[in-house]
Ligand SMILES: NC(=O)c1ccc[n+]([C@@H]2O[C@H](COP(=O)([O-])OP(=O)(O)OC[C@H]3O[C@@H](n4cnc5c(N)ncnc54)[C@H](O)[C@@H]3O)[C@@H](O)[C@H]2O)c1
Ligand SMILES: OCCc1c[nH]c2ccccc12
């Protein structure tokens, strides 16, 4: 089943499930896992400059035979060389990706640009990339409320997503950020969404996932992906195994009731666990 498509703040479509290449599993050559994901039905591929695999992702995209308009490709800005513009940086990524444009261009983290006092200038550079047609949509990742507020204060184009670690064990802590994003129509794009099953195992959500998996005849992974989808955002996940890819794509018919979503919310609030991007703590 092809992943459902959401509409971004800027009117552009975004497939609700993405294949991420930012894992030590793949190193600098993500071509085989990307080819597998595309062959199984993923059309949204997530990479970043710092993953050092944009060239291999480009090779897989060039070889896949899927029309460009049916693909959704994200990459992320990590840093700028002295005197380098944001557009120049994206052009470098586009060359590696063998693309004329990306569908989504993200600021990977506010930290390096906040420290240099150039966060607003960088956002203006992101807007220039959209104006130049180098990126269909622009967004951010790992932004706290204070980072978003600085960008929103100067934005002609608001970020369409904030890609963040998102699962039941950080949702409560993220409340102020989620409220600000909802106010501005900025979508959650989650990574680490399966952490209750991968890193914070045997937490308070686990028994619920087990019982709901039995109720729906699905796996715990698919139930947790159903919770992520019920939150209305986009999920970025990954695997090197075809059967796991099919498991992810088979999650789209999990339709949790509002009460079941609320039960997972409440159980998740019983444990705080964050694995990535520690600067996102304590805002
Ligand atoms: N923007 C950022 O700062 C940032 C940070 C981290 C990751 N990412 C992106 O997000 C992508 C996905 O991140 P992730 O790997 O944390 O995602 P995830 O939480 O979806 O975990 C995926 C992993 O879970 C495993 N898994 C699935 N079901 C399982 C189960 N029932 N039991 C045990 N393991 C199971 C898979 O094999 C896979 O390795 C990365 O590849 C990267 O592209 C972005
Ligand atoms: O996306 C930021 C975290 C991350 C995932 N995979 C990586 C590979 C290199 C550097 C950072 C990352």
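The backbone N, Cα and C atoms fix where each Cβ goes, and this holds for glycine too.
Noted in TrEMBL for the protein shown:
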ACT_SITE  51  active site, proton donor
BINDING   108  substrate binding site
DOMAIN    33-187  domain 'NADP-dependent oxidoreductase'
DOMAIN    207-267  domain 'NADP-dependent oxidoreductase'
SITE      76  site 'Lowers pKa of active site Tyr'
Count of other CB atoms lying within 10 Å of the CB belonging to residue 108 (substrate binding site):
22
If you run the three-state DSSP split on residue 108 (substrate binding site), which class comes out?
coil
Residue 76 (site 'Lowers pKa of active site Tyr'): secondary structure state under DSSP, collapsed to three categories:
strand
Using DSSP and three states only, what is residue 51 (active site, proton donor)?
helix
The domain 'NADP-dependent oxidoreductase' (207-267), counted residue by residue under DSSP: helix, strand, coil:
43 helix, 4 strand, 14 coil
